[in-house]
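J.: The following feature annotations were taken from TrEMBL:
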REGION    1-70  region 'Disordered'
COMPBIAS  19-29  compositional bias 'Acidic residues'
COMPBIAS  30-42  compositional bias 'Basic and acidic residues'
COMPBIAS  45-56  compositional bias 'Low complexity'
DOMAIN    76-189  domain 'PiggyBac transposable element-derived protein'
Amino acid sequence: MAAKKVSKRDTVVPKGVSDEEIESSESEDEVSKVAHNLRDELIMSETSSSSESSDSPTAAFAGTLPPPPMNEELEPIDYFFSMFDKKSIALLAGQSNLYAVQTNPSKPVRISEVEMSHFIGILIMTGIYCFPEQRFFWMNTTRVESISSVMSRDRFLEIKKYLHVVDNSKQLNRTDPNFDRAHKVRPLLN
C-alpha cells in the first residue's frame, strides 16, 4: 500500500516549529508521523486550555431561603394573585384606561379588571412558548387554545398598546431633584 502524500496546506504547524523542520524529514512517512504528532499536540493543548477556562469560581449562597408555602396545594390562580394582587390589577386597568383617553379621547378602550387579569395571564403564558411574534398564538396553524380562547388577538394588542402604570402628566422633570427614574413602574414596586 502506497504512503499517503501529505501536503503543506494539510499540515497543522504549531508555534515554535518551522517549515524547515517539517521539510527536513527524509521520507513521506516521517512527514506524516510529524504531522500526526503535531496535530495530537495541538488537540491536547486546545482541550487543556478549554478545560481550564470552564472552571469558574463559585460563590456559596449566604442568604436565607423564603419559608415554604403554607398550603402545598396552591392552584395556579393563587400563584398569579401572589404576584399581582387585586389592587395592582385595579391600578393597571385604571391607568391604562386613563392613558387611552389621553391618547385618543374619542375612542376610549374601557379595560376591565378581569380583562387586565387575563392580559397579564396571557403575558405569563407567552413566556412558556417560543414564537417569534405574539400574533402566532392566534394564527390558525400555530394557535394556542389556552390563550386564544381567553382574549382575541386585536383586544390583546389594544390593551398592550395602552398599558400604563402611572399618569404621565404627574411625572417630574428630569432636572428636578426629586425625579424618580422608576416613576413609570414605582406603584408596582411599592
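Here the Cβ of each residue, glycine as well, is placed from N, Cα and C on the backbone.
Note: TrEMBL annotation is automatic and uncurated.
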J.: How many of the residues that make up the domain 'PiggyBac transposable element-derived protein' (76-189) does DSSP mark as helix, as strand and as coil?
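T.: Result for the domain 'PiggyBac transposable element-derived protein' (76-189), in helix, strand, coil order: 65 helix, 0 strand, 49 coil.
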J.: Averaged over the whole of the domain 'PiggyBac transposable element-derived protein' (76-189), what is the pLDDT?
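T.: Across the domain 'PiggyBac transposable element-derived protein' (76-189), the average pLDDT comes out at 90.
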